[in-house]
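All remarks here apply to the structure that follows.
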């Protein structure tokens, strides 16, 4: 195997806007910041707000449902 052709593998720290830090190995870059992580993302915390806007079928029935029922 050739020597000294592989990139340097170093520890990198990702810091979230909520203050959580994660350390892992990488060859790509140095420390960086992220907007959301598993500790503050609404999907993972269970505080997810769901906007029930209805699907395509409900939208169709809202527009044409009365016309179909008359026939």
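Just so you know, glycine gets a Cβ as well, placed from its N, Cα and C.
Positions annotated as Zn(2+) binding site by Swiss-Prot, on the basis of sequence analysis: 16, 18, 37, 40. For residue 37 (Zn(2+) binding site), the same-chain residues 6+ apart in sequence whose C-beta sits under 8 angstroms from its C-beta are 14, 16, 18, 20, 22.
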Same-chain residues at least 6 apart in sequence whose Cβ lies under 8 Å from residue 40 (Zn(2+) binding site): 16, 17, 18, 20
Remaining residues near the recorded Zn(2+) site, that is with C-beta within 8 Å of the centroid of the site residues 16, 18, 37, 40: 17, 19, 20, 34, 35, 36, 38, 39, 41
Neighbour-count leader, CB within 10 A, binding-site residues: 16, 18: 16
